Amino acid sequence: MTVPQYIGPNRTGITVIIIGLGIGGLTAAISCHLQGHHVIGFDKLENLEPYGDGLILTPNGSQVLRDLDDTGAIAAWINTWAYNCRDCKIYNTDGVHVGQHPIPDTDKGLSLLPRGGLVQILYQTAKRLGLDLRLGVKINEFVEDVDQARVIIDGVHVQGDCIIFADGANSRGREAVSSCNVKPYYSGFSVYRGRADGAALIKDPQCHWLLSKEGAIDQATGFAGPEMYVQLATCGGGQASFCIGITQRFALQHTQSAENFWTTPIDKNEMLDKISYWKCINQIRPVIDKMAKDQFILCPLLRAGVLDSWVSPIGRIAVIGDAAHPFFPTSAQGAAQAIEDAATLAITLALAGKNNIRLGLKAMEAMRKHRATYIQRNAWRVNDAWFGSPVEERIGEKAAPAIGVIDWITEHCCRTYASNEFDRVQDSIATGQPYVPTNIPSQQFKEAAEWIANRNDEKEKN
């Protein structure tokens, strides 16, 4: 199999407008540019500050990013965060070891890296390539017709061939493409997220159980409580430490909206107070205390029913990433699946051509929808099963709410797949015959198809 070669800028005559310049949006912008499309990108933030904690990036996502930059800068940066931890040891609230979660693919390109740092290097790469990216612009109005798509900013029309919404679960693009499930809902779960500089942990002997001067091998430790799962991990050979604390039965009481939680830090004691009765609190507290004040946040975890389409009826608006399929952090696939969407989109648009934008967008959806839906829903299922289980059963392989590394997910090359499958998808769309993707095993495809078919039965859980 061969990965399609990039053909250089401005060869296709297609102008792609991208709304949202996070990981998915920036990957789409660079991929589209390299496939020959003209790109105009917008983000409401005035500066793409390095907010956020860490994210797992598996090879199905990282290889796409490595190939976006011919200077090797992205690949070199990802390599500095290569993950060499082999397992995550899990303890109960008494500090008793109850199981461990294997991390088997650390030698195949698995990385644990800072989310904000990844956004920064992608943005720098896009600017070096000369992409037209406009920050501090909130898009409130957009239109499409059979000939073009436009965004309207202070009365000024910016015209393109299509609009791609990559602006998260609360995207306005959802209502432009789907007749159902356009509003995400609070899942009943939230996650505390934080980041600490590795040097701060090394200076404190109370943190040496997680990271010391000899910490070239990364560590990951989980603590399983009745209503919260806390995971602390180091990465980059001790460059940084990350925290996630997934909690249920949590009433949203904060003033920050679901749209700005990434940039609204909270008091770390809020999380610590919730686990103050744990016997292992004195082990956890020193590490949490080292988390940067402006990098410790509380994220409501949103769910959304399956959209009946990722593409508008006219065929010039599409959603990708969390705008199409919001993920839980326990999936370890949110970033990688957004990257797969983005890279696939760039290729299918190039293969469809300027005169058939709708085909390009619908082909992307056909290739991606079942795969992304299954990975998303399976992570929700594992999360719910864990939190719904008796505490005494959270041992061994069930000690953590994690799905693990699955080969058919992590070893997939979405670019080769998009290139090889396009003709078959095009024929399916032309004839109306169902397209059965091969980037997902048959049993998982059947489950995803059932979820998609029953999308109108999904109700918000209160």
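The backbone N, Cα and C atoms fix where each Cβ goes, and this holds for glycine too.
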For the feature transmembrane segment as recorded in Swiss-Prot, pick the matching range from 14-34, 287-307. 14-34
Pairwise CA distance, ARG115 (FAD binding site) versus ARG193 (active site), rounded so that it is a whole Å: 11
Of the recorded positions ASP43, ASN60, ASP322, ALA335, which one sits closest to ARG193 (active site) when you measure Cα to Cα? ALA335
FAD site residues ASP43, ARG115, ASP322, ALA335: biggest Cα-Cα distance, Å? 18
Distant-in-sequence Cβ neighbours of ALA335 (FAD binding site), under 8 Å, six or more positions away: ILE23, GLY24, LEU55, ILE56, LEU57, GLY61, ARG115, LEU118
Cα distance, ASP43 (FAD binding site) to ASN60 (N-linked glycosylation site), nearest Å? 26
So if I draw a 10 Å sphere around the Cβ of ARG193 (active site), how many other Cβ atoms end up inside it? 26
